[in-house]
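Read the structure below first, then the notes.
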Amino acid sequence: MRLHFHDCFVQGCDGSVLLNNTDTIESEQDALPNINSIRGLDVVNDIKTAVENSCPDTVSCADILAIAAEIASVLGGGPGWPVPLGRRDSLTANRTLANQNLPAPFFNLTQLKASFAVQGLNTLDLVTLSGGHTFGRARCSTFINRLYNFSNTGNPDPTLNTTYLEVLRARCPQNATGDNLTNLDLSTPDQFDNRYYSNLLQLNGLLQSDQELFSTPGADTIPIVNSFSSNQNTFFSNFRVSMIKMGNIGVLTGDEGEIRLQCNFVNGDSFGLASVASKDAKQKLVAQSK
């Protein structure tokens, strides 16, 4: 799910996040939001190999990411949705844009809203898609700023539950490596549910960018968090809508881009992949049949 999100926020949902470094491509995987934290690339490659063996030169890597994100939700106990298909893969990546467009874990609410607005996503989308943090992990380096010296005050973040603070300090000592992992959702870390929002109400959001949704005084995000916390079906319904909306950002269709034979490299690259003429993709994204 994170791969799909990090793909769509950088030049659209075009599989650019999957491209490795070459003589002509600076991989987005080495951008600050991705380096040493992107996961699942091997899984995507395994899926692509199986798909190419069964249905060659037809299914893009961008579409694989979109479908895999939906399946991840379902496997975690969350909602499914009809995934629009027909995306094509980019011929380029943009590390600079990845550093610029991907929201940071220390963003305040104003910065988060601006980051999503660039992608045509509104405040409801922001709160809804942040719920993807209902499962997964984060490194200490992404939230240690909240534990010891928040905003150079010499004190922890006042919007962090003090009991949770001590748990996190034990996990992330001040002078230790920043690579230790912590669950994004301390209550149901491997399940897709609405507990992410319940945690925010208890000041148990892990990242600053999570807790900002509830703890920013007078914010219009607060009633949305309250609604999702009290009604999981409402969250699930909105998550379906926002994921489809995000999956339509900047897609390549028709003769744009290509259908990559291997997700980490454009066709005909220096690794000896044969250059092929991609079949015409569908002109418009079409709903996956369920």
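Cβ atoms are placed via backbone N, Cα and C, with glycine included.
Just so you know, TrEMBL annotations are computer predictions that nobody has curated.
Long-range Cβ proximity for His6 (active site, proton acceptor), meaning a same-chain Cβ under 8 A and a gap of 6 or more residues, is found for Val17, Glu28, Pro33, Asn34, Ile38, Ala98, Leu102. Taken from TrEMBL, the feature active site, proton acceptor covers His6.
Around the Cβ of Pro103 (substrate binding site), a 10 Å sphere holds 19 further Cβ atoms from the protein chains shown. For Pro103, the entry in TrEMBL reads substrate binding site.
Cβ neighbour count for His133 (heme b binding site) (all protein chains, 10 Å cutoff from its Cβ): 21. TrEMBL lists His133 with the feature heme b binding site.
Residues or ranges marked as Ca(2+) 2 binding site in TrEMBL: Thr134, Asp185, Thr188, Asp193. Sequence-distant neighbours of Thr188 (Ca(2+) 2 binding site): residues of the same chain at least 6 apart with a C-beta under 8 Å from its C-beta are Thr134, Phe135, Arg195.
In sequence order, Gln119, Met246, Gly247, Ile249, Gly250 are the residues near Cys8 (disulfide bond), counting only same-chain partners six or more apart with C-beta under 8 A. Annotated disulfide bond per TrEMBL: Cys8-Cys13 (among others), in sequence order.
According to TrEMBL, the disulfide bond annotation covers Cys61-Cys263 (among others).
Taking the Cβ of Cys140 (disulfide bond) as reference, residues of its chain lying under 8 Å away and at least six apart in sequence are, in sequence order, Arg171, Cys172, Ala176, Thr177, Gly178, Asp179, Asn180, Leu181, Thr182. Taken from TrEMBL, the feature disulfide bond applies to Cys140-Cys172 (among others).
The annotation domain 'Plant heme peroxidase family profile' is assigned in TrEMBL to 1-267.
Sequence-distant neighbours of Arg2 (site 'Transition state stabilizer'): residues of the same chain at least 6 apart with a C-beta under 8 Å from its C-beta are Ile38, Arg39, Gly40, Gly132, Gly136. Under the heading site 'Transition state stabilizer', TrEMBL lists Arg2.
Sorted by the number of other CB atoms within 10 A, the disulfide-bonded residues Cys13, Cys61, Cys263 start with Cys263, the lowest. Between the alpha carbons (Cα) of Cys13 (disulfide bond) and His133 (heme b binding site) lies a span of roughly 20 Å. Here His133 (heme b binding site) is positioned 10 angstrom away from Asp193 (Ca(2+) 2 binding site), judged by their C-alpha atoms.
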